[in-house]
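Notes follow once the structure below has been shown.
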Amino acid sequence: MSLSSRAILVLMCFMFLSCPLFTTATTTTTTDQGPQPRCEAHIFNNGKHYRSCKDLPVLDSFLHFSYARETGVLDVAYRHANLESSSWIAWAINPTKKGMLGAQCLVAYRNSTSGVMRAYTSSINSYATMLQESPLSFGVSQVSAEYVDGEMTIFATLVLPPNTTVVNHLWQDGPLKGGDRLGMHAMSGDHLKSMSTLDLLSGQVTATKSVNGNMLLVKQIHGLVNTVSWGILMPIGVMVARYMKIYETLDPTWFYVHVICQLTGYVAGLLGGLGTAIYMAYHTGMRSTAHTIIGILIFCLGLLQILALKARPGKDHKYRTYWNWYHHTVGYVVVVLSVYNIYKGFVILQPGSGWKIAYTAIICAIGAFAIVMEMLQFKKRWGGLFEKKPEDQEANQSGFANEISNFEKRWSDKIPEDLEANQIASTGVV
């Protein structure tokens, strides 16, 4: 490798590795939702009136209620504004703890075929709940619901233990799937903040930290670790093997750098990525989403790559070519799936747009580096496909010479015979 080529290679490596240092990510997002309507001004179509109402802090929600402390009777109406008709809503009281587990829910959705509202009760006993209909731990009656002008409301009368003054309540919404199945609500942003403590006497709402209050932080760690390990280190390790290997002076340095990048990425993904995924599955339930399935597949393929190193044949072994095909193909598949799954993770986590822009810039830098290196190494890597080997050229030249010789011999015998025939024909003498 010439001195100029080495200089170009070193410069490009420096620029590539420095790219993340100049890329900043911001998580601040701004929304312009406009002023929220006050609950006091709302008039129900069924003519119901409630002594108290409260604008809930997130999810465009409002709670209207009347409470009799002596009897424990709580008349309640939960409203969710700015909602598509293909959605479900839920409002719940958790009589035993803060958070989702143990919550006693009122659920409502609009039938996709008939347009009729359905309201029912559901007791949550597992993080993997599908909000199936079930009785509550306290009395409930007059459960109904309505959907008017993009606003869904649940009405009910609850009977709490007498002299109850403060309750833990939570509220949520999610999409309605085919066959009127309740889809999973979002696991980020305001959907992780929709719970508080409600004072039934004063109407005071106090935001509370969920039992899964650290879940957002865990998800951010999960996304960051997987992005760095599978989405950056793995592609760099692949490029090291592809572009450094071709230079004899970098052998076996390229191999050690390749192994370090891949092992570091896999171990970091295993501990930080898979570890946080197991934590989330334990606390919120395992969900068979495309993101989860692809993630499991990536970890399995990565493990196969590590195990394949133990079975790697020698350089001169007759099976080494087949091993290389397998190893390279699985490696490229892992990188492509990793990048794709990271972007699916962005959709789920919904971080600030700066994170997605930053990662896209890094991936573009990796792609640009790969394109330039392919151009620089094109002749050395692919030139053999377009240039004939010396022995092939000699064979072609020898074959061409033989053809000329045979041609001359045939015509040298044929020309005198043709001349003699012409003379006989012209003179008539045999």
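Any Cβ shown, glycine's included, is placed from N, Cα and C.
Listed features, source TrEMBL:
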{"type": "SIGNAL", "residues": "1-25", "note": "signal peptide"}
{"type": "DOMAIN", "residues": "59-174", "note": "domain 'DOMON'"}
{"type": "DOMAIN", "residues": "181-382", "note": "domain 'Cytochrome b561'"}
{"type": "BINDING", "residues": "His222, His258, His291, His327", "note": "heme b binding site"}
{"type": "TRANSMEM", "residues": "224-243", "note": "transmembrane segment"}
{"type": "TRANSMEM", "residues": "255-282", "note": "transmembrane segment"}
{"type": "TRANSMEM", "residues": "288-309", "note": "transmembrane segment"}
{"type": "TRANSMEM", "residues": "330-351", "note": "transmembrane segment"}
{"type": "TRANSMEM", "residues": "357-376", "note": "transmembrane segment"}
Report the member of His258, His291 (the binding-site residues) whose C-beta atom has the most other C-beta atoms within 10 angstroms.
His258
Can you work out which residues elsewhere in the same chain, 6+ from the ends of the transmembrane segment (255-282), have a Cβ less than 8 Å from its Cβ atoms?
215, 218-219, 221-222, 225-226, 228-230, 232-234, 236-238, 240-241, 244-245, 292, 295, 299, 302-303, 305-306, 309
Minimum Cβ neighbour count within 10 Å among the binding-site residues His222, His327: which residue?
His327
The DSSP breakdown of the domain 'DOMON' (59-174) into helix, strand and coil residues is 0 helix, 66 strand, 50 coil
Largest CA-to-CA spread of heme b binders His222, His258, His291, His327, angstrom:
27
